[in-house]
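> Under the heading signal peptide, Swiss-Prot lists 1-65. Feature annotation from Swiss-Prot assigns N-linked glycosylation site to 72, 256, 407, 484, 630; the stated evidence is sequence analysis. According to Swiss-Prot, the disulfide bond annotation covers 345-424, 385-408, 387-393, 494-514, 667-679, 673-685, 687-696. According to Swiss-Prot, the feature Zn(2+) binding site maps to 370, 374, 380. Per Swiss-Prot, the feature domain 'EGF-like' maps to 663-697. Here Swiss-Prot flags 741-761 as transmembrane segment, drawing on sequence analysis.
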């Protein structure tokens, strides 16, 4: 039973006249929300977790190695000694190391891990706003796995390039090993791993907990044979990964390091997916080196929606993939990630987002594998699911490093293969050595030495030739700062502010691309009492007007109390979970953080699948709420948005009214910007007009080091008119609008003119009648009276 179906039961307490169903349809996909990390749970490892669990610490980037941050109870310095092969020969993919652990010599036998990594994937990055293909220097054959000689149940998984970095399991104790960067003697740190954190997932599966495992459906013998055949063969998930700008900076703004780190993460995720006989293959990587082309707010629900739109528009036609995952670097508050259930192999919803705001690769890879499981149709486990001796099932609400797929996960995955025929997972990717892909002129992507790429529209393109070179005299071919094949003037406005919390960007006169989108730092005050988040002022009045149109506004407190204390799908502070089968009732302090309740509604919105509206009488008006829980439009438009004001110095975050410190606002504009500007999302000053960046202390035209140079007021006025006729398409649209206006206005003008002429004619006839000369008899009479008087 779906979440919406379960909600209908809870809504039955409302009287039917009060519930006016606008639309209600079943959908097939569901977004998943992840909760925050909990740092107080211990981890005790057992031998059976060898492959799937602890491999994930293998590739901790050495630049982020911080022994004080590792959950360890003790550590020692060791010097691994690589042993030569028998007879001095290279064993070919095999290597042995000797090291001293706790006073005892341990011999490690390792073998290169087969099949992974795939080395023929394209790597894209941006240079002056132009998408280009990179060829980073990558280490190959770095990932080795093996065992300790003479230690039953032992397991070793390490990266041997640039020292040993990874995990060793001995007698149910897990050890981490990392090289010491300052050592000249190949010294390493070996430490025991304890008290590892877990990720908690609080989202309800699409089916009720009692039905999650699903009784076996009656299948035809042929179906069973097909499923058995599918299960016995390795499945391949072709994954495209995107790294956002902040995470790229956390990897030292180094493309080589970022690529290697992503390859390592994918390799480690494979140690989980082996449990369902599936291999993740990296088919492409894009690094947002110059800023994020989409809005990436704290709320990952919005990020998932924005990323999926970007994926459909920019990626689908460029690189074939079964799923695409976005890795972001910021702390997302209560959420750790988002994924579409059953999204793999679908062109519309093959997306997920994960937050990697720490350096615990182990936990992050577990989260990635969990979300990938949802992409593959695997729902959350319930208490009756089993996953062997592991402490946590990977698809349970508690996701730990000691995790694995359960029997329920296998059943869900089998049904996904059956329902979707598993076509996209059964294609084995080609095994080729990694090489730079030759530029493919005409694919719409600027590659290698291409100056432009007009795709299939080269014949009519004014700037780019079919040979992917700029035409004679052209400086550029596309971009917000390119007009008529030339760069726009320095200081021209290229992206105006969309909200009071957004900031404008300007062209620098030397490139065709507009600078990355910038906005006021999350937590900046707006509209008197509200706060900015992701470039938008989280004002509930504005949210109501966006849904219902003007003059809708946020309802009074009585409406919020009446609606959000019902604990049904029209009013709640949280959806059901497998631990709690009911909707959450909003407490008094959280009542403004549940469903958005609006009043003064004059127009009903165009509803979407699975949307319903509720109206509750309030005085002479109505209070309106919306149940918009579905997968094609996340986040739920009916919920109060994260970051919305709920009490003095407090904001809503995951249905809870909490301190505004969760927005991580750390700007002091009076000090940093000398009171002449605000802080942007890059934590730089955006100066008011009349002051210059970087600190707004000297005269200038305003802006920031991120926004591009701001033109003088006269230039900005010209750039606005420049924007108004930026392209021939815009001109055509304007001409069409003008033509339509003329068609409407001219007849009206003619009618009015005709009426005026008729009125003038009528008035003129009346005037003529009044002033017309007297008749002859009247003249004679008048004349006789005159004679009489004279006598």
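Each Cβ is built from the backbone N, Cα and C atoms, and glycine gets one as well.
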> List the helix, strand and coil residue totals of the domain 'EGF-like' (663-697) as derived from DSSP.
5 helix, 10 strand, 20 coil
> Where the distance is taken from Cα to Cα, which of the recorded positions 256, 345, 370, 374, 393 turns out closest to residue 679 (disulfide bond)?
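Closest recorded candidate to residue 679 (disulfide bond) by Cα: 256.
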> Helix, strand or coil: which one is residue 494 (disulfide bond) in, per DSSP?
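In the DSSP reduction, residue 494 (disulfide bond) maps to strand.
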> Can you tell me the three-state DSSP label for residue 374 (Zn(2+) binding site)?
helix
> For residue 673 (disulfide bond), write down the residues of its own chain that are at least 6 apart in sequence and whose Cβ falls under 8 Å from its Cβ; none is a fine answer.
679, 685, 686, 687, 695, 696
> Which of the recorded positions 370, 484, 514 has its Cα nearest to the Cα of residue 345 (disulfide bond)?
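Sorting the recorded positions by distance from residue 345 (disulfide bond), the top entry is 370.
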> Helix, strand or coil at residue 424 (disulfide bond), per DSSP?
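DSSP assigns residue 424 (disulfide bond) to helix.
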> For residue 387 (disulfide bond), name the DSSP secondary structure in the helix/strand/coil scheme.
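The three-state answer is strand.
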> Would you mind giving the whole-number mean pLDDT across the domain 'EGF-like' (663-697)?
92
> Taking DSSP three-state, what's residue 407 (N-linked glycosylation site) in: helix, strand or coil?
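The residue in question, residue 407 (N-linked glycosylation site), is helix (DSSP, three-state).
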> Please identify, among the recorded positions 256, 374, 393, 494, 667, the one with the smallest Cα-Cα distance to residue 385 (disulfide bond).
393
> Any idea what the Cα distance is from residue 494 (disulfide bond) over to residue 380 (Zn(2+) binding site), rounded to a whole Å?
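That separation, Cα to Cα, works out to 45 Å.
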> For residue 484 (N-linked glycosylation site), which residues of its chain lie six or more apart in sequence with Cβ-Cβ distance below 8 Å?
462
> Where does residue 256 (N-linked glycosylation site) sit by DSSP, helix, strand or coil?
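DSSP assigns residue 256 (N-linked glycosylation site) to helix.
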